[in-house]
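Database features, via TrEMBL:
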- A:6-209: domain 'Glutamine amidotransferase' (DOMAIN)
- A:82: active site, nucleophile (ACT_SITE)
- A:193: active site (ACT_SITE)
- A:195: active site (ACT_SITE)
């Protein structure tokens, strides 16, 4: 039986591309805001474009932060994309206004400091050796980014007892460096759009789907 | 490493068909925008732009269908422009599978439209398309360039610099700068206008109009373009996207 993947529909952006990009890999994809379907899926993708605050409002309207929490407590894979990654952090600051996020990780989503913003286009990333998402890819591989905000400091402190496997953080650079992807057990996220990143994006989605059972 | 210069082919689409001659070999249907989109994707295009020139509103359904079919098969960003007048038009195109929409005339008629669209869908998907030319006759502007309408036939007297700044203030995520003087000449981009607009705004600027030879692209990037757009040189097979990228790379600009 093929894997069941749900793309969480909370009114944010172009979901068709994400749906098709995942369906290419022979999985069963549903785009829905439905709680049960999203909680029970083998894998959940949380997309997101636009403002952090608007995305949080949309996410809460479908109880998305609870869906994510419920899944993670059962070790069920979740992939956040673009603002769908940003909302996993503790807070977002836009135009001086702070919005609380899902707080799966500490940290702040803030405006990028670069001569040209939004950061729009294809950029390289610096992934750690143990990465699963970027497995088998060259260092020069480029992914499609479009965002004005990002996480510029990774604030999660290492577990002092050394019991927890530290998350794998992948960085990219525009002006200065920012978090391009996180791999943390069942919770993965990318600041770029794998569904818009051609063959490289397809490879990354395939790697993520390999973690979904 | 830094973000790559984007090379963007633009297709004029009329009632679901590509217009202007297309001289690709081995295409089953050179008039099918979806087939061409796939071809450009395979050649290394970093994004695609469809300019919808459909005159009759009754034929607009075909545009949505083309966008839908393209988004199902091509996994790079797709921008759609032409005839977008209302927030609902933006919504329908995004739902069909467009990643960005470019707005031109409707923004001149009512600039607040940009703000409404950017607020609702996010700056990242609203592109301000500006058709500008050097001022002529009695018109004067500080930059020496004015915004035009009707495909460059009517001047508005609005300074292109002021308009670009206004667009940025209203929340657009990118500016597509078309030189109506250079358009169709194949003599190269209008570098002076690019420099002035680049200096005035911090959002990405796409250079458009005038591309005719490989050596035209690097100067546009040197003048501040984040992306270069061309139509006929790609459609007629004069230049290949990969050749443009090789030329940019040879000039020291990062490309994908």
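Cβ from N, Cα, C; glycine included.
Automated prediction, rather than curation, is the source of TrEMBL annotations.
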DSSP-derived class (H/G/I helix, E/B strand, else coil) of residue A:193 (active site): coil
Just counting, how many other CB atoms are there within 10 A of the CB of residue A:193 (active site)? 26
Restricting attention to the domain 'Glutamine amidotransferase' (A:6-209), give the mean pLDDT. 95
Sort residue A:82 (active site, nucleophile) into helix, strand or coil using the DSSP assignment. coil
